[in-house]
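Now, the feature entries from TrEMBL:
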- 561-605: coiled coil (COILED)
- 15-119: domain 'Calponin-homology (CH)' (DOMAIN)
- 123-227: domain 'Calponin-homology (CH)' (DOMAIN)
- 710-745: domain 'EF-hand' (DOMAIN)
Amino acid sequence: MSRVHNNEDREAWIGIQRKTFTRWANQYLPPGNKIEELVPDLADGTVLASLLGRISDENVGRINSKPKMDIQKLENLNQCLKFIRDHDIPLVNIGSSDILKGNEKLVLGLLWTIILRFEVSGADGKAGLLLWLQRSTKGYTNVDVKDFTSSWTDGLAFNALIHRYRPDLLEFDGLSPAEGLANCEQAFSIAEDKLGIARLLDPEDVVEHPDEKSQVAYLSQFFKLFAGQAKLESKLRAVKNAVAVTRRHDDWMNQYTQLSKEVQDFVSSNKSRFENAPALSATDDVKAALDDFNTYMNNVKPEMASKRAEAEGVYTTLVSSKRNNNRPEFSAEIPPADLGAAWESLEHAEQSYERQMLDRYLSYRMADHAVAKFKAKSVAVNVWLDEKLAVFGEGVKGGSVSELETELEMHASYESRLKLYDTVMEELRAIVAKAETSEGHAGVADASQGMRDLDEKMSTCKSQGESHRSALESALESEKALAAKDKLYLQKINELDFLVDQLDQSLSEDITGATTAEMTELQGQMGSIEQSVQAALTSVDEVSALAAEIESKRPDAKDHCAQQRSRIESMQSKVNSLQSDLGSVLAAEQRRDELSQRFAGLANEFASFCDGQRAALGGVSGSLDDQKEAIAKLRSEVAGEDSAGAAKLAALEEASQACEEAELVANTYTTHTIFSLRSNHEQLLKDLKRADEAISAQLMAQKSLQISPEQLKEAQEIFSVFDTDNDGKLRLSELREACLGAGIDLDDQELESRMRARSSTMVFTQDDFIAFFVDELQSGDSKDDVVEAFKAIAPEGSLSSEQIQKNFGAIDADLASYLQGNMSDGDYVKFTEQLFTR
């Protein structure tokens with residue numbers, strides 16, 4: 001009252017207080033019990049008792065509701081004063097008789113004391129309230145709150161206060177300090193119409209005669225509203241964080257379920273396909289099946305392998321997030337272990353199928369070669385047998401001794417050739433027997449039948465030949481011998497002709513072999529042919545000598561021997577050329593085998609590396625920071641210029657390129673391809689990235705629950721303001737002021753309870769206060785925190801669609817929509833229980 005200079009001003013302030021305190025009290029009093037004249041209406045104690053009960057939410061005690069005598073009124077008033085003293089509210093120089101007699105000054109003082117205690121949270125809570133007002137209006141142009149009087153006369157501080165917490169209700173920029181009445185009217189109207197704050201003051205009260213007590217009473221209403229809203233918003237973040245975690249988990253569970261089902265269906269269909277391979281009878285059909293298998297392995301399977309790896313990555317991320325957020329384990333319809341087992345069974349079926357097809361392909365190629373060789377060799381035998389059977393069918397034609405001797409000589413030549421053809425027949429049987437080891441080959445049956453027909457024809461020829469010889473010997477009586485040299489010549493030239501024909505036929509065959517072993521066998525056969533050529537050269541020398549001696553009898557023998565010599569020398573040149581070609585083919589095949597083995601070794605090593613990294617990812621544990629560091633280390637090992645993963649993949653790419661250049665069709669040493677390994681590596685990188693993003697999201701969600709550095713600084717500054725004796729400690733009364741300054745609205749009983757829970761001595765150090773400050777400004781995201789957040793909105797236990805939209809719509813429209821769609825009955829406890837099952 002130091003600013004009051006005359007009775008007129010004093011009366012003005014008393015009038016403002018009377019009006020303000022009346023309006024303040026009436027906002028709590030029930031209809032039919034409102035104050036019309038402040039001092040007279042409080043005189044009997046009934047209205048005062050009702051007011052105290054309303055603002056404290058407690059029973060004042062026994063009150064006479066209709067007192068007639070002064071003694072009854074005094075009893076009511078004494079009960080009210082006792083209630084006030086019981087709440088540690090100091091009363092100075094006022095008794096029940098002062099109120100009964102209508103001492104306005106003392107009555108206004110009593111109401112001021114009640115306002116300070118129940119509205120401003122302390123016997124002298126003005127300091128805390130003033131600090132909160134200063135913090136709330138800091139930074140606004142032309143606003144500098146230093147007190148509860150002159151700092152508010154231009155109305156700007158009221159507008160700044162509203163704009164700070166509800167910027168949607170007014171535009172602050174453009175307000176002029178010169179328009180005090182208009183500014184106050186705007187602020188008071190918005191506060192009353194939009195915020196539900198009773199108009200305790202009129203603009204003239206503030207502009208012309210600002211009264212501290214009246215303005216404290218009015219401004220405390222703003223504190224209660226805005227501090228409560230800030231606390232509610234903090235609680236609502238618990239709902240947002242918990243729902244976000246559940247929705248992430250739902251997305252991951254759906255993603256894993258879809259991917260695992262797709263992989264399982266893929267495994268089932270393809271496993272059945274490879275376990276029931278078709279019966280193929282032609283080499284080209286087997287080759288087409290192998291080409292189709294390679295297309296599947298290179299183009300079809302890698303995509304599904306990527307989805308399988310993605311499913312496992314999603315599952316790992318989900319398990320980690322559930323563990324970090326204390327959510328129940330995910331019980332998958334198809335567990336990763338079952339998915340892995342199914343995948344292994346598919347790969348077993350693939351390997352068995354590929355081995356079966358490769359073995360059949362190699363077997364059929366061998367059979368093709370054998371059948372072709374049989375057909376080529378059997379032609380000459382058939383022609384010879386047909387010729388001899390025709391001769392035998394004509395019977396003995398010669399009538400003279402010389403003719404018979406000639407026929408007998410020709411028959412001897414036949415018998416000599418027959419013995420040589422026995423060797424050919426054995427070779428043909430071996431060829432057919434080899435072909436018959438290839439089961440299911442369509443051409444083998446024809447070769448087998450051809451061999452049976454040839455055996456039958458040979459048997460017939462032998463039988464008829466023996467009969468023909470008997471006939472010739474019976475007919476020949478005088479001519480029994482031929483010239484020795486001529487006979488020897490015929491024998492030698494016959495053997496030589498046969499050997500040259502056989503060598504010529506062998507050298508006309510293609511060099512074919514499916515494996516290095518077969519190529520090596522062919523190389524040995526070529527060495528045997530070379531030896532036979534050398535033997536033929538020796539034989540032609542012998543026969544040429546005989547031909548020279550019987551030239552008079554057989555003038556064409558010499559030329560015949562010269563022709564055979566020329567053929568043999570040409571064969572020798574061809575043998576040298578074929579040996580060179582065979583060596584090149586064998587070297588190339590050996591090189592292809594080496595390339596296959598090198599790629600297989602690198603592929604198997606790289607696949608194991610990826611599996612190991614994926615297993616390490618699944619085993620990441622510890623704090624979120626530890627998990628993030630571990631995942632970063634795994635990523636550096638898998639990717640990057642100098643990483644082990646990049647080096648292994650580069651070596652693989654080089655080996656694959658070499659195999660491609662060598663035109664390798666299939667690699668029997670590994671089931672992996674460069675495509676599946678690239679996909680595996682890319683999926684591993686995606687898994688690591690997804691896990692890192694999930695951990696980062698959880699860290700961000702965790703950090704969102706903590707106060708910012710700016711808030712921490714504010715807490716330290718508030719502590720310093722109210723540590724008036726600089727002993728580094730706050731008592732309960734000081735803590736009340738500090739809570740006001742921090743915007744924390746707690747009633748005395750709750751504040752005392754929380755302080756006692758933290759300090760048995762009822763003294764807070766700065767660390768105690770900061771921990772208390774953190775607890776009040778942050779919200780957890782446990783199940784209980786979420787229920788408490790809902791309860792703050794709807795204490796009756798049911799949340800309406802309108803309440804959801806009102807409280808969550810402005811924070812997050814998507815969240816509000818989710819809550820409305822999943823809480824149709826409004827039972828937020830049931831909703832929360834369900835939320836934390838995922």
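Using N, Cα and C of the backbone, Cβ positions are placed for all residues, glycine too.
Here the domain 'EF-hand' (710-745) is broken down by DSSP into helix, strand and coil counts: 24 helix, 1 strand, 11 coil. Long-range neighbours of the coiled coil (561-605) within the same chain, counting only residues 6 or more positions beyond its ends whose Cβ lies under 8 Å from a Cβ of the stretch, are 493, 496-497, 500, 503-504, 507, 511, 513, 515-516, 519-520, 522-523, 526-527, 529-530, 533-534, 536-537, 540, 543-544, 547, 648, 651-652, 655-656, 658-659, 662, 664, 667-670, 672-674, 677. Across the range of the domain 'Calponin-homology (CH)' (15-119), the DSSP-based residue counts are 66 helix, 0 strand, 39 coil. Here the domain 'Calponin-homology (CH)' (123-227) is broken down by DSSP into helix, strand and coil counts: 61 helix, 0 strand, 44 coil.
The average pLDDT the prediction assigns to the domain 'EF-hand' (710-745) is 80.
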